[in-house]
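S.K.: Pulled the feature table from TrEMBL, pasting it below:
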type	residues	note
MOD_RES	LYS34	N6-(pyridoxal phosphate)lysine
ACT_SITE	LYS34	active site, proton acceptor
BINDING	ARG130, MET299	substrate binding site
DOMAIN	230-353	domain 'Alanine racemase C-terminal'
ACT_SITE	TYR251	active site, proton acceptor
Amino acid sequence: MSRPAIARIDLSALRHNYRLARSRHGGRALAVIKANAYGHGAVTCARALASEADAFAVAIVEEALELRDAGIRQPILVLEGAFGPDDLAHATMHDLWMVAHNAEQLALIEAHRSIRPLTVWLKMDSGMHRAGIAPADYAAAHARLRALPQVGPIVLMTHFARADEPNEAATADQIATFDRATANLPGERSLCNSGGILCWPAGYRDWARPGILLYGADPMPSDDHGLKPVMTLESAIMNIRDLAPGEALGYGGRFVSDTPTRVGLVAMGYADGYPRVAPTGTPVAVDGQLTRVIGRVSMDMMTVDLTDLPAARIGSRVELWGNTVPINTVAHAAGTIAYELLCNIKRVRRDYIG
Ligand SMILES: *Cc1c(COP(=O)(O)O)cnc(C)c1O
């Protein structure tokens, strides 16, 4: 038998979440499967969505080529756009849509010679101040692209900085800025990431761009939006030890109890992507019963409290996150977000169902 550390990926939950995102937003939806589908396996996720996804999005050309090599035929948008002429050559050869977010990328497109017109998603900086064409320069950039024979459809896009904060004026300001700067421009629009889909149904219904929603990690977990977790990270108890009062557990001797403690050792560590910074008290489930992480997470192993779980034994199933332990709770305890936990998953076997 092999090590029991497994990421179970429920592909029917992925399809459920995609449908939910698309119907909530209206229009069409790019399934964002960058970063190996947020740790879920890009090729398998793309195949699972292939019959219904309108298009896919990845961050870089290399990720798009992996999907094309695997036979994925849908349109694929490259969210970071071209880093050089080679990326545009690949885009033409493999029929990729390219974001253009600055003057350098516009110049690359201008210099690009293509037998078929390139679809460009022209990104505006409407207030995130990270990338994108300034609103004042946007119409000129659009006109410049439209004049090029090698450019086909141009989609108008922007990205929200605080879409998951429903009471923040920042998103309304971004929408207003985008509106003003695109008022007279033709073309489809795309504004909403997952937070936007949930909080800012602003009427831009051409293209949604759901990422984290697809994987069932709700960016606003205080409301139930009906998402289903896609990944269950699980392993098993590989050793059990009774800790006497005063004995220190693990690296740094960080956990010391004044009462007898039954300690379960779990085959999962930060080399698998479980966050090392998850403190004592972070929830885990053993055979479906909630308990807590105790002591420091090590590279390949971690320790959990079995004191109140007398039936637990070597081989007992441990859920690190999934349906019983919300990934957002683990992320919060570790001072990060579900996105980072999911992207960090490695070494563990992925088992697909559905
Ligand atoms: C990653 C990304 C998304 C998806 O964001 P989520 O918050 O995961 O939904 C959407 N649009 C752009 C431009 C992105 O880079």
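Keep in mind that glycine also has a Cβ here, set from the backbone N, Cα and C atoms.
Owing to the predicted nature of the structure, the values given are computational and were not obtained by experimental measurement.
Can you tell me where each of these features sits in the structure?
M.R.: In the three-state DSSP classification, LYS34 (N6-(pyridoxal phosphate)lysine) falls within a helix. LYS34 (N6-(pyridoxal phosphate)lysine) counts 20 other C-beta atoms within 10 Å of its own C-beta, drawing on all protein chains shown.
Residues within less than 8 Å, Cβ to Cβ, of MET299 (substrate binding site) and separated from it by at least 6 positions along the same chain comprise GLY269, TYR270, ALA271. In the three-state DSSP reading, MET299 (substrate binding site) counts as coil.
Sequence-distant neighbours of TYR251 (active site, proton acceptor) (same chain, 6+ apart, CB under 8 A from its CB) are GLY295, ARG296, SER298. DSSP assigns TYR251 (active site, proton acceptor) to a helix in the three-state reduction.
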S.K.: If you count Cβ atoms within 10 Å of the Cβ of ARG130 (substrate binding site), leaving out that atom itself, what do you get?
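M.R.: Here the count is 9.
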S.K.: If you measure ARG130 (substrate binding site) to LYS34 (N6-(pyridoxal phosphate)lysine) at Cα, how many Å is it?
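M.R.: ARG130 (substrate binding site) and LYS34 (N6-(pyridoxal phosphate)lysine) have their Cα atoms 18 Å apart.
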S.K.: What does DSSP give as the helix, strand and coil breakdown of the domain 'Alanine racemase C-terminal' (230-353)?
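M.R.: Going by DSSP assignments, the domain 'Alanine racemase C-terminal' (230-353) contains 19 helix, 46 strand, 59 coil.
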